[in-house]
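According to TrEMBL, the protein has these features:
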REGION    1-32  region 'Disordered'
COMPBIAS  1-19  compositional bias 'Basic and acidic residues'
TRANSMEM  84-105  transmembrane segment
TRANSMEM  117-137  transmembrane segment
TRANSMEM  149-175  transmembrane segment
TRANSMEM  195-220  transmembrane segment
TRANSMEM  232-250  transmembrane segment
TRANSMEM  256-277  transmembrane segment
TRANSMEM  284-309  transmembrane segment
TRANSMEM  353-372  transmembrane segment
């Protein structure tokens, strides 16, 4: 989050070249340096910042995380895709599906009696590792096929990780939802453990992913851009993959619906909502990434509402329960993200990074307190799910 390589950065500054307006640029990156190493351009190369351990004071410059490479990244017009182009949106479909499957599958794999670390830690760490790796390889992805970059970062990693699931687990730890034999102090410790360790793992993994990418980038093969027929075929295939989630939901056994198939239905709408919020709101505020913050808060509020509905003493029908579970795991899981959140925190300077973290976590917990608290403590809703799926 801070520049711990000041000497190395000053050495890089010697290589600066002035453009026609007198603004220094570094190795073709879209950055402007002042004496405090603050990035004041419209967009910032987040992958380079992570690899070099530099920071930015302008949160609006982090809008490039979700966007495909553009002219600000010094790419030729032939390799630039509009953020809302059909090719970009189409690739978000399978990326959301596979990211959701990866999250649900990994969480199921690491959930067992006697586990030593909470299952979501594996999910957040894995998604953030891939996120850091992809951010640092933005240039190679842009040279190959720009929509691929957005599919991996916004689509796959954003759907792999979940901010709403993390905050719900923390809230359930505060209230001892599992009815474990422990006092209130241990409840507090459990909630703090899930908060601190998730944040620490996410930040470490996104930085480690960028470091790994910086090691292999010199030997990363320069792949030729796909031909038009291949690009169009890839878009069609992407649509078909998402379309296949509908027959999967209706044709596969009903026992699969709450486990996976219902979540897959809502994966792409969740990702698309987050992507639109990011494009529209992230460039507006210099204090923190407003789009990511809004998506995470909206998803956290929604998962609180769906949790209330799943804990009613008179539960909905099995099909409605499966859809509620799908909305929680699919729509809310893909609407909210830890991978983008961690990349933004790791790149912001100290003061704004801590403000962003505290504002996000405190606001999310307050939302869950307002939504879940009255329902639980009035006795109208059970703290455990009462849904029956079969």
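Keep in mind that glycine also has a Cβ here, set from the backbone N, Cα and C atoms.
TrEMBL annotations: computationally assigned, not manually curated.
Same-chain residues lying 6+ beyond the ends of the transmembrane segment (284-309) with a Cβ under 8 Å from its Cβ atoms: 57-60, 62-63, 66, 163-165, 167-168, 270, 273-274, 277-278, 316, 324, 327-328, 331-333, 335-337, 340-341, 344, 348, 352, 355-356, 359-360, 363-364, 367-368, 371-372, 375, 381, 385. Counting only same-chain residues 6+ beyond the ends of the transmembrane segment (117-137), those with a CB under 8 A from a CB of the stretch are 46-48, 50-51, 65, 99, 102-103, 106-107, 110-111, 149, 152-153, 156-158, 160-162, 165-166, 169, 193-194, 197-198, 201-203, 205-214, 217, 220, 338-340, 342-343. Here the transmembrane segment (84-105) does not lie next to the transmembrane segment (195-220) in space: the count of CB pairs under 8 Å, restricted to residues six or more apart, is fewer than 3. Residues 1, 47, 50-51, 53, 117, 120-121, 124-126, 128-137, 140, 161, 166, 170, 338-339, 341-343, 345-346, 357, 361 of the same chain, all 6+ positions outside the transmembrane segment (195-220), place their C-beta atoms under 8 angstroms from a C-beta of that stretch.
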